[in-house]
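S.K.: Sharing a structure, written as structure tokens. Questions coming.
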Amino acid sequence: MNVNQSAPPVPPFGQPQPVYTGYHQSSYGGQPGSTAPPTPYGAYNGPVPGYQQTPLPGVSRAPPSSEAPPVSTAQAPCGQAAYGQFGQGDVQNGPSSTVQMQRFPGSQPFGSVPLAPVVSQPTVLQPYGPPPTSAQVTAQLAGMQIGGAVAPALPPVRLGYGPPTSLAPASGSYPNSGLYGSYPQGQAPPLSQAQGHLGAQPPQRSAPPQASGFTSPASGGPPMPSVTGPLLPGQGFGGPSVSQPNHVSSPPPQALPPGTQMTGPPGPPPPMHSSQQPGYQLQQNGSFGPARGPQPNYGSPYPGAPTFGSQPGPPQPLPPKRLDPDAIPSPIQVIEDDRNNRGSEPFVTGVRGQVPPLVTTNFLVKDQGNASPRYIRCTSYNIPCTSDMAKQAQVPLAAVIKPLARLPPEEASPYVVDHGESGPLRCNRCKAYMCPFMQFVEGGRRFQCCFCSCINDVPPQYFQHLDHTGKRVDAYDRPELSLGSYEFLATVDYCKNNKFPSPPAFIFMIDVSYNAIRSGLVRLLCEELKSLLDFLPREGGAEESAIRVGFVTYNKVLHFYNVKSSLAQPQMMVVSDVADMFVPLLDGFLVNVSESRAVITSLLDQIPEMFADTRETETVFAPVIQAGMEALKAAECAGKLFLFHTSLPIAEAPGKLKNRDDRKLINTDKEKTLFQPQTGAYQTLAKECVAQGCSVDLFLFPNQYVDVATLSVVPQLTGGSVYKYACFQVENDQERFLSDLRRDVQKVVGFDAVMRVRTSTGIRAVDFFGAFYMSNTTDVELAGLDGDKTVTVEFKHDDRLNEESGALLQCALLYTSCAGQRRLRIHNLALNCCTQLADLYRNCETDTLINYMAKFAYRGVLNSPVKTVRDTLITQCAQILACYRKNCASPSSAGQLILPECMKLLPVYLNCVLKSDVLQPGAEVTTDDRAYVRQLVTSMDVAETNVFFYPRLLPLTKSPIESATEPPAVRASEERLSNGDIYLLENGLNLFLWVGASVQQGVVQSLFSVSSFSQITSGLSVLPVLDNPLSKKVRGLIDSLRAQRSRYMKLIVVKQEDKLEMLFKHFLVEDKSLSGGASYVDFLCHMHKEIRQLLS
């Protein structure tokens, strides 16, 4: 599907997921709210004073007793299977508290206090404005449009419009009605043909104001007045209709102060559809395409819903209506549509500037001259010709590059080209490598560089004639002339000291202090290494790996082991002078596994016994890395250190650290110090490691604060990884640790690497994000680079670009393979250039944009207060959308929010970044967790950030058991949970199985082998292996989710209403979070307000 065309009639993009049958929503009404005194609105997302503080009548649930303890208390003892990637008390993304926030279903109005809508008052200097009232919501989102290309509008189709399904609880019950519309039969809203929007209003709008709840005719209530939009609680009518071309305008509801002007109907927003783009109306649920009935897998609203809107009681002012969550862009639907439209055809890379399918779509790539999106993804595939245009749009121009990405088995790895002694052919001036965009001239005797336009001679051995089109006749026989990605064998000129490298080495460095021995870690690790050493990475068809191995143990001193094959027993040498580290032996330290197999096995058997009675609790850290690096230097090879470490290094030695954890610094100007290393010693050490090609992978097993911000500096700067297992317990965590270790040891790594990104004239690379070191402004130095790591590069204009010639990127990575071969991997990508802003907005990729913005923000917290970083993100997002509104969308009322088709998910995803632990920590997210997540995200690829910030929520009992495909996901919101169902939630690091309280007994028996919900163990981390279709399907699904991710996700079973549920709910990112993060609806309103302020 071409992004420039109108959307075909695919399933609409906000799946109607009504409230499910029999679900008393878990932490909604009936609870005492916060006892804080009412205050004017504080920071955006703070508690809403308008909330009713009294228990709601009619809700069949008692207030929570004081028995639900906070997740971080002693009741979740260390090592309990509570917190997947993060150990006890360190929740990856979420707050908890004994006081459950009083929450209402999505349809519940904010409160009965009418608030003045923002029209164009002077801005109040608050971090955010107050959560908008409904008057504002409708004024702001009256006609949310999602626009795209500038093109004549097609005649609109019928608009499927009616009471939003999620409003069922507020508006009485609709037996058996899963339908969108509630128009009396045969009556649909009239549409203006000229514009893709609602046209003139019919005169029946003078119906009397409605009461706060109504019943549909089907349920025997009074007949509904004929209106063009659904009636909603608190909606008033009156006054003649106003016809405007682009939006509907109606008189303000009664609840507003007099004189307030309001654009847009008080019902759900009119269609989100730019009249400039041909295509379908946006339906009430925020989707393109013809209206459709209820989805096959999701039930209709349940009859016995508590009718919050129509309870008897003292008369109250009419509450403002809240925006319907189904009326705003849904990530689930966008993902689904892309899968349906683009998943079946291969993505052929021959055409310049094509936007690839989304990262969530499974597709095959055919390389025909541009690098696969698995290697490079861009924020936009059509970049502005001038820097002025780029500044105006504020869309960052960036590429997320994953040079050694693993490909699916159906796609061929890059071809290796050997040019012999002469080496790869390059431009004499800019040093770019030969690629498909180079132009051969003068009958093939010379070529013009596509990057700098320099004319170069073709060496005689490379000469070939041209055909009638000016193309070399051997173009398709040479990967470098026909493919976007390929490798060259490097000559000796590309090697250190002009000599070919030796194969790399792995050194295992094991903490044998009291904590490591007591937890069982050392015994577990030594046992695993015996078999794991047979699976070291190897080249292509090699029978065994060329990598050599060495072993060190340490606490306050270091123990080196001689495991030479000629010895009967390993020999141990102790270095106690940690201030002046040296390697006490050369011969016999690094050995070939197969030759020294017996000695290595003997050593691994002895280590746990040797230190079994240790009482040494103190450890060193920097000297350990220093020792490994010196050993590689002495052996004249690159390599990797695997460090297994348990505690803060407080022993007297270089790199000694003190405990500086201080939660009081959160939300102060000094908060940034929590992310900075406490000493410069580790940066200096990392620099030496990079020079030697020594990469460090760190496995941490802390029981308390270990200063991840400082310990992760060396792994971060050497291209390594950090793994963290808080409160490690063998029985609970061994599967996750061993799985991560196996994958880490076996994965293919490029050692001692240098990467450079070249661009054609007009743009240049100016900024880089990721796990690497830079000693100058152009070369990204990586002691190690694996297939999971990305380098993100930002580009800026330094000249005007040309629409004809476009813009080119070439990423060249020079590295040593695991067999010791020096290679160059080249990736090329051609982009379009545009003089119209609409072309820029039509070719953006939101997932890549969010990946860049998250990395930009996560680096920003090192130097700026977190609040400043958050505000910068919001401002940039508002500028991007305001520029679109001003320059690309058709004229319409300011009350409409208009989003570009490609960026309609930018607000929801940006809100997820703002609510993440790094930028808005909950009460029990530790300082170490925040530092850990910060460095993790820095080198994530686009697929990983996509699921990390917006987790996948999969209902397990909705799809047929025999179906082999993954069940369709639902939106990450509590409103989508049915207490009669079971859900899997994953974000790449954590995996939860949420069990509703009313799940059928048969389902509980099939999955957990117990007879009732109450017997399920909360916090369970392994499902029993049972021989029935449901058990097999769920366990198979869990295995397939784990296989898709680069780290093992530990399962946590969460029961509805259980104390662990607070942790689970933290990942329901469309909802308001306890740490103060806004709900998606509130944030969208806030973004709209920001955009309007920029436009006015």
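Every residue gets a Cβ built from N, Cα and C, even glycine.
Sharing the features that TrEMBL gives for it:
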type: REGION; residues: 1-108; note: region 'Disordered'
type: COMPBIAS; residues: 23-34; note: compositional bias 'Polar residues'
type: COMPBIAS; residues: 90-101; note: compositional bias 'Polar residues'
type: REGION; residues: 152-329; note: region 'Disordered'
type: COMPBIAS; residues: 200-212; note: compositional bias 'Low complexity'
type: DOMAIN; residues: 424-462; note: domain 'Zinc finger Sec23/Sec24-type'
type: DOMAIN; residues: 501-745; note: domain 'Sec23/Sec24 trunk'
type: DOMAIN; residues: 750-833; note: domain 'Sec23/Sec24 beta-sandwich'
type: DOMAIN; residues: 846-945; note: domain 'Sec23/Sec24 helical'
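Could you place the listed features in the three-dimensional structure?
M.R.: Helix, strand and coil counts under DSSP for the domain 'Zinc finger Sec23/Sec24-type' (424-462) come to 6 helix, 11 strand, 22 coil.
In terms of DSSP secondary structure, the domain 'Sec23/Sec24 helical' (846-945) contains 65 helix, 3 strand, 32 coil.
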S.K.: Would you mind listing the long-range same-chain contacts of the domain 'Zinc finger Sec23/Sec24-type' (424-462), meaning Cβ under 8 Å and 6+ residues beyond its ends?
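M.R.: Residues packing against the domain 'Zinc finger Sec23/Sec24-type' (424-462) from afar: 369, 417, 470-472, 475, 480-484, 488, 490, 758-761, 808, 810, 812, 824, 826, 828, 830.
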S.K.: Determine how many residues of the domain 'Sec23/Sec24 beta-sandwich' (750-833) DSSP places in helix, in strand and in coil.
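M.R.: Summed by class, the stretch gives 0 helix, 54 strand, 30 coil.
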S.K.: Averaged over the domain 'Sec23/Sec24 beta-sandwich' (750-833), what pLDDT does the prediction give?
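M.R.: Here the mean pLDDT over the domain 'Sec23/Sec24 beta-sandwich' (750-833) amounts to 96.
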